[in-house]
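Each remark here refers to the structure printed beneath this line.
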Amino acid sequence: MSAMARKLLVLNAGSSSLKFKIFGLNPFAAGMGGMFDRIGDAANCTLKASAPAEAPGSKGRKWELKIPAKDHVGAMESIMDFIKENVSSAFSREVVAVGHRIVHGLDLSQPALLNEKTIDKIRQAAVLAPLHNPPGLQGIDAAQRVFSGVPQVAVFDTAFHQTMPPHAYMYGLPYDLYEKHQIRRYGFHGTSHKYLAEQAAEMLGKPLSETNVITCHLGNGSSIAAVQGGRCIDTSMGMTPLEGLLMGTRSGDMDPAVVLHVQKQLGLSVQETDTLLNKKSGLLGLTGSNDLRTVIEGAHKGEPRSALGLAMFVYRVQKYIGSYTAALQGKVDAVVFSAGIGENSSLIRGLILQPMQAMGLIVDAAANDATVGGRQGDISTPTSPVRLLVIPTDEELSIAQQTLQVTG
Ligand code: ADP
């Protein structure tokens with residue numbers, strides 16, 4: 001195999017999906033990416049993929065194919081057939097490393113080379129992430145069958161937040177629960193927050209170690225992090241992704257006694273309460289839609305619940321920016337907006353930022369309106385004491401870079 005052909009594969013397995021992205025290593029460049037969706041549902045199982053505009057041969061081509069896959073191993077095999085046909089027939093020999101996005105890594109603070117010990121740790125963490133880690137393990141199993149002998153690396157959503165100090169990650173519960181059951185705050189979206197902090201330092205022209213930022217990853221799932229000199233010191237999600245901001249279908253912060261009350265008064269089981277808080281709450285529960293675009297439309301039409309959902313979403317983000325400004329002792333170089341909402345909605349950014357002028361967050365309306373649809377930019381006025389940055393997140397790229405740091 002020529003050095004030119006060496007490739008890295010990034011995999012992100014969900015409960016019924018398997019996302020993939022190929023990276024060329026000589027030179028390092030993103031290649032085709034795609035997603036197998038509705039795995040296990042033979043009638044609707046689809047493989048969608050697209051090649052980057054600059055890819056030789058396939059130039060921006062898009063594919064959508066109906067292919068049945070009964071499980072993640074079947075999906076992985078079909079992805080391999082598809083890549084061999086459309087990218088390179090020698091693909092299985094060209095892949096020199098595989099990087100997996102794994103949601104929960106307990107106290108692991110670095111990407112981990114996969115072996116029996118690290119896979120066991122991911123299994124242990126499944127107690128705290130029952131919806132997320134088992135699919136990750138299925139993705140690992142599928143890739144190990146296809147690429148036997150190729151080094152594989154787990155990149156954890158929790159890892160970047162491991163630098164949080166105990167006063168930020170502990171709950172006010174009996175200490176035993178932490179020692180015996182690992183109940184503490186872990187934080188998620190870490191790969192995205194890490195990438196955003198690094199990109200922000202680059203945009204500001206400062207060394208990462210001297211840069212303080214508040215990174216807002218606002219999508220269907222949303223979280224905010226306070227990053228001091230490249231190290232996370234606090235983040236809004238907790239032991240699970242339920243804590244923090246108001247999200248598409250998750251409640252975010254609330255009095256935990258509400259859980260006891262609904263179980264007692266409404267007779268909800270543990271499973272039903274879990275579904276209520278994670279899948280039926282947030283914007284969906286308040287307004288009927290988990291899509292902020294629909295909520296905005298509703299608010300514009302004068303629907304009171306949509307207006308309420310919108311106001312609550314905005315207010316929670318403002319509260320976290322305020323508290324993380326305090327956590328960073330008032331020394332904030334930039335506030336960063338990213339993910340589906342943060343990258344695309346100048347309206348939401350404006351609603352968040354306009355009332356925060358007195359805190360040194362001064363938004364430039366024209367720059368804000370112009371920085372949408374995957375554009376990167378500074379949306380603050382030249383005199384704003386705090387820079388306001390929009391940075392499209394790229395978790396796959398970060399996973400690829402972190403995988404290479406482990407495999408060399
Ligand atoms: P996920 O957490 O699923 O990765 P994304 O980061 O893709 O989510 O964000 C998806 C969300 O972004 C959608 O639910 C939608 O509400 C929101 N979104 C996308 N574009 C816009 C827009 N122009 N205005 C407001 N919200 C938007």
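Just so you know, glycine gets a Cβ as well, placed from its N, Cα and C.
TrEMBL: automatically predicted annotations, no manual curation.
Lifted from TrEMBL, the feature list:
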type	residues	note
BINDING	ASN12, GLU395	Mg(2+) binding site
BINDING	LYS19, HIS217, LEU218, GLY219, ASN220, GLY221, ASP291, LEU292, ARG293, GLY340, ILE341, GLY342, GLU343, ASN344	ATP binding site
BINDING	ARG101	substrate binding site
ACT_SITE	ASP157	active site, proton donor/acceptor
SITE	HIS189	site 'Transition state stabilizer'
SITE	ARG250	site 'Transition state stabilizer'
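Non-local neighbourhood of ASN220 (ATP binding site): MET247, GLY248, THR249, ASN290, GLY340, each in the same chain, at least six residues away, with C-beta under 8 Å from its C-beta. Taking Cα separation as the measure, ARG250 (site 'Transition state stabilizer') is nearest to ASP291 of the recorded positions ASN12, ASP157, ASP291, GLU395. In this structure, the binding-site residues that sit close to ligand 1, with a C-beta under 6 angstroms from any of its atoms, are ASP291, ILE341, chosen from ASN12, ASP291, ILE341, GLU395. Note on the recorded positions LYS19, ARG101, ARG250, ARG293: the fewest other CB atoms within 10 A surround the CB of ARG293. Using a 10 Å Cα-Cα cut-off from LYS19 (ATP binding site), the recorded positions that qualify among ASN12, ASP157, HIS189, GLU395 are ASN12. Considering other CB atoms within 10 Å as the measure, the emptiest surroundings among the recorded positions ASP157, ASP291, GLU395 are those of ASP291. Our reading of the ATP binding annotation (LYS19, HIS217, LEU218, GLY219, ASN220, GLY221, ASP291, LEU292, ARG293, GLY340, ILE341, GLY342, GLU343, ASN344) yields a largest Cα to Cα distance of 25 angstrom. All chains included, 23 other C-beta atoms sit within 10 angstroms of the C-beta of ILE341 (ATP binding site). Here the CA atom of GLU395 (Mg(2+) binding site) lies 23 Å from the CA atom of ARG293 (ATP binding site).
When the recorded positions ASP157, ILE341, GLU343, GLU395 are screened for a Cα within 10 A of the Cα of HIS189 (site 'Transition state stabilizer'), the ones that qualify are ASP157, GLU395.
A 10 Å radius around the C-alpha of ARG101 (substrate binding site) takes in these recorded positions out of ASN12, ASP157, LEU218, GLU395, in sequence order: ASN12, ASP157, GLU395.
A gap of 23 Å separates the Cα atoms of ASN12 (Mg(2+) binding site) and ASP291 (ATP binding site). There are 30 other Cβ atoms within 10 Å of the Cβ belonging to HIS189 (site 'Transition state stabilizer'). DSSP assigns LEU218 (ATP binding site) to a strand.
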